[in-house]
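The active site, proton donor/acceptor annotation in Swiss-Prot covers Glu162. The annotation Zn(2+) binding site is assigned in Swiss-Prot to His98, Asp105, His165 on the grounds of sequence analysis. The feature site 'Transition state stabilizer' is assigned by Swiss-Prot to Arg71.
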Amino acid sequence: MSDTTELVDLAVIFPDLEIELKYACADNITGKAIYQQARCLLHKDAITALAKSISIAQLSGLQLVIYDAYRPQQAQAMLWQACPDPQYVVDVTVGSNHSRGTAIDLTLRDEHGNILDMGAGFDEMHERSHAYHPSVPPAAQRNRLLLNAIMTGGGFVGISSEWWHFELPQAASYPLLADQFSCFISPGTQHVS
């Protein structure tokens, strides 16, 4: 069942926030754009936590760079088709916390304009992407710890398999939302309603 909870547009609430939606371009695990519109939306409860995280990052001379937030269920089906591994992608029949508007994917940019090295790229579905992995160089691990501190300081929690993913505590208790914008349909992708 899908809810119609109204989501908040991050570009409107935080006009200075850097938003680089990876699923609105080909720089993701599918190798193609999934979103027809580059809209970055979150549940109002996640907006409150994000505002705190933005302030904490600024205190450190850092900037958040948003890669994904709310994700239509149709997009989740396409990601599952590209990577049907429940360690990294939630099966659309289960329901991703992104599709509830309660999860966000992001990284950090320093005061010189450089994206911090996290030791593995966004959507790199490999053990190196796990929050704490021995193959990650110490400097990159410190950057992950910094991102984690900023996000948990705002009220989010991380997950063990992706350094870039944070969500509200109890995120799964929020309802799955009706798709808020369109996706490009891949052959073989099941329609989700």
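Glycine is treated like the rest: Cβ placed from N, Cα and C.
Counted within 10 Å of its Cβ, the other Cβ atoms near His165 (Zn(2+) binding site) come to 24, all protein chains included. When Cβ neighbours within 10 Å are tallied across all protein chains shown, the highest count among the recorded positions His98, Glu162 belongs to His98.
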